[in-house]
Structures are given as C-alpha cells and as structure tokens.
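Okay, so here's the structure we're looking at.
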Amino acid sequence: MIFLKNICKNIGENAILKNVSLSIEKGEFVAIIGQSGSGKTSLLNIIGTLDTPSSGTYVFDEYEVTKLNNDEKARLRREKIGFIFQRYNLLSLLSAKENVSLPAVYAGKNLQERSQNAKKLLNDLELAHKLDSKPNELSGGQQQRVSIARALINGGELILADEPTGALDSKSGIMVLEILQKLNEQGHTIVLVTHDPKIAAQAKRVIEIKDGEILSDTKKEKAQEKLILKTMPKEKKTLTLLKNQAFECFKIAYSSILAHKLRSILTMLGIIIGIASVVCVVALGLGSQAKVLESIARLGTNTIEIRPGKGFGDLRSGKTRLNFSDLETLRSLEYLEAVDAHSNTSGVATYTNISLSARAEGVGVNNFAIEGLRIDAGRILNNDDVKNSTNVAVLDFNAKKNLFPDEKSENILGRVVLFNSQPFKIIGVLQKDTDKPIEDNVVRFYIPYTTLMNKLTGDRNLREIIVKVKDDVSSTLAENAIIRILEIKRGQKDFFTFNSDTFKQAITANKRTTTILTACVAVIALIVGGIGVMNIMLVSVSERTREIGIRMAIGARREDIMMQFLIEAVMICTIGAILGVILSIFVIFAFNTLSTDFPMILNAYSVLLGLLSSMFIGVVFGFFPARNAANLNPISALSKE
C-alpha cells in the first residue's frame, strides 16, 4: 500500500529526513516513535501527501505520489486517507456533524448520504447526543472522537494519527487507542506517530526514528516485489459535487460575514455608497432629462422655424422677407401637420392708469399648439379672428400680472386694453410658462397676425413661419425637403431654419455626457469599495490560514478553497449592492417628496447594472486573496496559530 525509497526532506541546509526507506502493507498497525525533532511528523506528512519530499520515491496504492499535482494529492487525501491530529483541528463555526460531513462534501456525496453516515459514525463513537454541538462545547476526548469520525467519513483506508493522545487525559487516551485498534481489526491501515513507548507498544509494528533516520523496524524485511504503477484517472465533476461546492461556500461565507458583523458592514460601506451613487445619478439624469424633454415637447416637438437671413444675428436679414406665398406653399405639403405665420412688434400697453412696454405677437390659430402655450382662462384665437383681422388679444402671464395684479384671470375677460393706441378685447389668458429655461419678464399680447400687419405695422411680409411635422415623419428629412422646396421657389437660399429636434438632441447629448461624468465618480467609489473588499479578504485569508490547512488536509481541492473566498467576496459586494439599492430608493423617495422641480426616476436597468457591477467588483478584487488562499502550503497553513 505504501512504499518509500530514499526519501529526503531538507529545509534550507537542515536535513529533516535522510534516505528513509520503508513499506507498509494494507491492514497494518504501525507506530512511528521518536523524540521531538526526530522527523517523525515530517515523515507522516509526506505519507499523508501534505508535504513533498526533497528527493526520493513515494508510491501510495500504486500511484507515484511525487509525480502527482496538488489536486491529485487532494483526491488521495479525500478518498483514501483520514487524519487524526493532536489538536483535533475541528472548524469552530461548524457543529460536530458538520465537521464530520465536511470531507464528504468535497467527495461529492449528497446531503442525505453524508448526513446519515456522519450520524452513524458519531453514534458508533458514543457521540449521538452531541451532533449539533460546536467544538468549544465538547471535551478534548469528544473532540478527538469527532476527528476520528471525520477521518472515516469517506472510508479512511489509511488512518494517520499524529500524537492522537497528546492533549488528552489518560482515560480519553485509552479510549482513542482502543478505537484505533478496533479500526485496524476492521481492515483499516493505521500509522500512529508518538514519542511514548507505551503507546507505541499498542501497535503491531514499531518503527523508531532519530535525527531523520530509521534506527529500528520490528518488521522483518522481505524481498521487494516489482512495483506496479498506475496513472490516476481524471476526476469526473458531478452535479452533486458542484452543488455541494456552491452550498458549502455560501454557508461558510455567510457564517464568516456574521462572525465579523461590524467589519463586514464597514467593508460593504464603499460598495453601498458606490451602488447608491450609480442608481441615484442615473435616476437624477433621467428625471432632469425627462423634465427638459417635456419642456421641449410643450414648446413644440417636431417643429421647424423658417426665418429670413443667413442665421441668428444676420444684420442683413431685414432686407429679406418671407411672404404669404411661402406660407401657402408649405401648407400644401402633406407631411406637415400644421403651418402658421408669426410676426411681432414692440409698443406700449395701457390699461386705466397703467402703461408699460409690451410686445404684440402676431400668430395664427395653430401657433398655440405648436409652441405649447396653455390657456388658463377664456379661449385662444380662431379662424374668424385671423380672417377678419379682429382686435382681440390673448394675454400671457406677465401681461395679466402687471396690468391686473390683484384679479383672477376669468374676471378680466372681455376688458379692453390699448396697444399702441389700438384697442384689443381680452379673450383669453395663458398659464405661467414654467418650461422656459430662463424666466423673462417680457409682457406679451397674442393677436391675429393679420391684425398686426393691417392695423399695427402695415408690413405685409412675415418675420417667421412655424411648421409642425407629423409624428411618423423624420423632422430632419422634412427640414431638408422644406429647404429644397423654398430654395427652388425663391430662387436662392436667403432664409435659415431651426429644428427643435436639434435642440432636443443637444440637450439629450449634454445630459448623457453629464451622466457619464457623474457615473465615473460613482465608478471610482465602487473601485475604492472594491479595494476595501480586497484588503479585508486578504486579512480574512491571513486569519483563517489554519482553517484553509484543515480543509486541504481533509481533501479540499485548490478550486474549492479559491471558490470559497471568491464567493465570500462576491457575497459581501452583492449584499452591499442590495443595501445600496435600498438606500438609493429611500434617497429617491425623499427627493421626490421634497422637490417639485423635477422627479428622480428609478431605472430598473441601472439597478441591474449596479448589481452586476458589484458582482464583477467582487470577482475582480476577490480573485487575488482567493488565489493566495488556494496556493497556501497545507503544512504551513496547519502550523499557523
């Protein structure tokens, strides 16, 4: 079963084992005796595949151990070898039953099977009443019996006992030795390390070691048969094994987080702030963007303004005029929903003893809808008003406020106001325009454009034509078509257009840029939080080095250890993300309750993005601590206090 030839172990310049050669048959009970520092524990660790010899050949169950990789050695420990340690090496957060079941988790056995086997073993060892007890609730003898049960859960063909009675009273020590003798009688191979000759005498074979060399062996040597070596088959990953890995990792991660509540919360704080920032920034951006777009919509979506000249501020635009022929041409286009003229002039408005500067806006019937003007009282202009050049006016909020400061809108309907000495009957009052980005104090009278031309200015040309494009038509294509048609009609391009969608797109692009810049700050907060997670995980690996060594000793693969710490990092980040989302919901609710300017809009995609990004942060910043844990040497890890 075990064959060692010329095994040497060196640590620096010190030779711990010197050309040790021995063989152990299946079913033997062997005691290795020696004083402290003799090399007996180092030899046991090499036999148990926890340590690697500096030179020599080691064959276990026809596998050449010195040529196996770490995971293949872990498989041998998991399937063939059971350890009984002097200090028990039970995991403090797990119950007796859970400690016993742990090697079966890594072996891929289902929950029912490993639970039944653990109960049976503990019952056989007279611990049926201690199934749910934690190690600190057990005596030394009881803890060692739990350790024995753990060594047997996967079969334990080879039991390696390192000073199993060293920390026990005499009664408990005798009980442990009796258990080992019974196990040997049942066919288990036992290798016992001790410094006590009385304990060694309980074995059927005694090997004495001193200064790394075998002094004596009570077994008579026989001719060595030719060794038959075999290659270890590739381990198949079953669904049960994967479920066991995931469940165990989540359970340990959860227990670890609960065991260090304050530290975990402080670690999560960076993630909480980062995720809350991401969600709130997106909500703020969406809310302000929606408000701006709503304002643009009220001012007129899909609208195009046609003005004379080469552009805004063109000093020669006064020499160019739009006319009614242009207006009628545009009205004939089927892809335009509405077309109307717009002109204006400045003057003085008078009511009783109040006189003030004002502007008369000559508009058509459709201008109110196109520009998003909302009526507060009365009515807007109709076709008869425009056709007959009627002296009627719709006052804006500023006009009503300055001319009729203490009266309700409906009470001033029908009254007459003078504008440049022309009387105008008030037929309507507009609501306050809250959608303008900059509030102005201009007093406006909305009158028929025909009235303005015929009775105020005498100018038959138009200052502006406003069109509204149908919803199913691209405003850009419509704008290009209008330019082409008017250019052909007028013989030259002596006008320019302003498309409201261009403004809308500029606002959207600006908001997108602002959101990205603000989101970058949130991402930086996430990265800072991730660095905090990595720091704490490195501390956690350092604190739990002994636990890692125990898990490796009972057969945990490198990927099991790595997954355990990686899932813990991801769990910390995910819990932090969930708390961050909850915090952001409270912030959004409070903001929407207190603010009337615009709402914050919670976006499901930003929440999902926050959760996914937190998991990504957990994987990225948890990888290095997890890798460090997986690369630990089992012997170094077990010796860590």
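Even glycines carry a Cβ here, placed using N, Cα and C.
Swiss-Prot annotations:
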type: DOMAIN; residues: 2-236; note: domain 'ABC transporter'
type: BINDING; residues: Gly34, Gln35, Ser36, Gly37, Ser38, Gly39, Lys40, Thr41; note: ATP binding site
type: TRANSMEM; residues: 265-285; note: transmembrane segment
type: TRANSMEM; residues: 519-539; note: transmembrane segment
type: TRANSMEM; residues: 571-591; note: transmembrane segment
type: TRANSMEM; residues: 604-624; note: transmembrane segment
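Apart from Gly34, Gln35, Ser36, Gly37, Ser38, Gly39, Lys40, Thr41, the ATP site neighbourhood in this chain, defined by C-beta within 8 angstroms of the site C-beta centre, holds His195, Ile209, Lys210. Below 8 angstroms of C-beta separation, residues 263-264, 266-275, 277-278, 281-282, 565, 568-569, 572-573, 576, 613-614, 617-618, 620-622, 624-626, 628 of the same chain, each at least six residues beyond the ends of the transmembrane segment (519-539), sit close to that stretch.
Of all the binding-site residues given, namely Gly37, Gly39, the one with the smallest number of surrounding CB atoms inside 10 A is Gly37. Within 10 Å of the C-beta of Gln35 (ATP binding site) we count 11 further C-beta atoms, all protein chains included. Note on the transmembrane segment (265-285): residues 511-512, 514-515, 518-519, 521-523, 525-533, 536, 572-573, 575-577, 579-581, 583-584, 587-588, 600-603, 606-607, 609-611, 613-614, 617 of its chain, located 6 or more positions outside it, place their CB under 8 angstroms from a CB of the stretch. Listed as Cβ neighbours of the transmembrane segment (571-591) (distance under 8 Å, sequence separation of 6 or more from its ends, same chain) are residues 250, 253-254, 257, 264, 267-276, 278-280, 283, 529-530, 533, 536, 599-600, 602, 607, 610-611, 613-615, 617-618, 622. Summarising the environment of Lys40 (ATP binding site), the number of other Cβ atoms within 10 Å of its Cβ, over all protein chains shown, is 25. Around the Cβ of Ser38 (ATP binding site), the number of neighbouring Cβ atoms within 10 Å comes to 22. Counting only residues at least six positions away in the same chain, the Cβ atoms of Asp162, Val193 sit under 8 Å from the Cβ of Thr41 (ATP binding site). Of all the binding-site residues listed here (Gly34, Ser36), the one with the fewest other CB atoms within 10 A of its own CB is Ser36. In the three-state DSSP reading, Gly37 (ATP binding site) counts as coil.
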